[in-house]
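*Asks:* Right, I'll just put the structure down here and ask away after.
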Amino acid sequence: MTGGGTLVWIVCIRVFLLVGAYHVLPWLVGEAKYVSLETETTRSVESMTLPNVAHARSRTGSGVERVMRMFESWMPKSLSSASILFCISAEESLTIVCLAVLERMQADVPWLLFHWHMSLPIVILLIIFVLPLCACILLSFGSGRRQWSRVRGMLSASLFLGWCFLFLRVPLPKAESTLSFFQAMLSRTAVLGVSLIAALSGSVAAGAICDSYEMMIRRRQRNSETDLKSMRSAFQQSFKDIQERRAMVAEVESERETSPTRGDWMRFLGWGSKDRQLSSLNTEIAGLVTMAHALRKDIQFYEEKERRMRYAKTWIGYAWIVSGYIFSMYCAMRLVQCVLNLLIFGYNSISTRDLVSTSVAHLLRLMGWRVDVSQWSPSISVLLLGSLIVMRTRVILGSLSAFIQYVSTGISTQILVLFTAQVLCIYVLAALIQLHAGVSLGSTGEPSRLLAALPDFQRVFGRIFDIIFLGSAVLVAAYRWFVSQSDASLQL
């Protein structure tokens, strides 16, 4: 592939990824609003903006607010700042994956290196600086339209400086102890990325196994239609109460912010009747949200069980249910693989020893595909690991939303969108590091010039991944067992 053709391909890929990320936003915002129990507005869906926070207010504020409004006026009207960051994160992170693929297709290397050296620092900058800073601002100011105050500005700066301090305290692996500044930042980002992906995938794997087990042992139990209707009615009432409490919070916060007798520190420290009223309302909202999530989970479980029973009567439905159990078996095999790596295989080899992905690669060879097992097994392992996260996106977002509800109210959707962008960037970086194991360029057999700057996965991060994967899986399994035992004791 010539240099001009490579450049055209890269530009087309960037445009396609940016447009694709823009069109994914409605689904992502819908998922975030669903798990955070926020109401849907027609305007936010049609314009594909993030939902306005319930207590957001328009004010003629300080110079900082005027500069922010001027900056937003230059941006596309149908996108908020969090949406723009998600689109940029998706485009830049997936671009570096496409560059690695183009390198294996013998594309022009100079152009690939140019875009690689441009996109990789942007992805690292998004992970370390931009996305955490935006999240700190949201946690401090809520919607971003709240009136500027020195105390909230100091809180936002303190949160971000605390994140920077913790990031710089992340220990480097022994194999990466003598590095340049950029390589040290890359290695620290990789440590955080591998740890986060391991925690997410481990918890998801344990959750999938528990779900399949519950479906198998409880498939003969039938709930009456009356019970299901009562649960739906209770959920609707809880949802209505949540919206009423959030409206009351918006009204009380509006009165508190406009109070002329209180200073910034008094407002921030929460001294006054309005602050006590807000604290009481937020406590009520947290309890109602917990109850609504539990009711919705029960409703979804019984509806899914009834749907499976009807669907299993068709051969397509039976095949789909069997595939779900096969996926749970893969999750169990992944746990066994981590134990084998820790106790038997070790981490001295630069190649991955994933038994499942290696078996899939051998199966492809038996089916007539010309597959190099040593090169394809890391790729298959990355795809299977990504499927763990993608197939359980709603569960992950729901768990994070439950935590955010205790921190602040009305910003869950925006934080969840930023978190998804962060996970996407981190997953791509961790996937490229894992693909670095034994990757060569097609028939030439030369090592990858793009991935050469990345640390090796199995030798450097393999032990970290397996320990966190097992730990998160054990914690989730223990939590699910405790919840099931509590439910069983209540039914006696």
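Just so it is clear, glycine is given a Cβ too, placed from its N, Cα and C backbone atoms.
Straight from TrEMBL, here's the annotation block:
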- 6-25: transmembrane segment (TRANSMEM)
- 122-141: transmembrane segment (TRANSMEM)
- 153-170: transmembrane segment (TRANSMEM)
- 180-247: domain 'Golgi pH regulator conserved' (DOMAIN)
- 190-210: transmembrane segment (TRANSMEM)
- 311-484: domain 'Abscisic acid G-protein coupled receptor-like' (DOMAIN)
- 315-336: transmembrane segment (TRANSMEM)
- 380-404: transmembrane segment (TRANSMEM)
- 416-440: transmembrane segment (TRANSMEM)
- 460-482: transmembrane segment (TRANSMEM)
*Asks:* Sort out the residues at least 6 away from either end of the transmembrane segment (153-170), same chain, that have Cβ-Cβ distances under 8 Å to it, and list them.
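*Replies:* Same-chain contacts beyond the flanks: 128, 132-133, 136-137, 139-141, 188, 191-192, 268.
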*Asks:* Mean pLDDT over the domain 'Abscisic acid G-protein coupled receptor-like' (311-484): what is the value?
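*Replies:* Mean per-residue confidence for the domain 'Abscisic acid G-protein coupled receptor-like' (311-484): 71 out of 100.
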*Asks:* How many of the residues that make up the domain 'Golgi pH regulator conserved' (180-247) does DSSP mark as helix, as strand and as coil?
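*Replies:* Helix, strand and coil residues of the domain 'Golgi pH regulator conserved' (180-247) number 60 helix, 0 strand, 8 coil.
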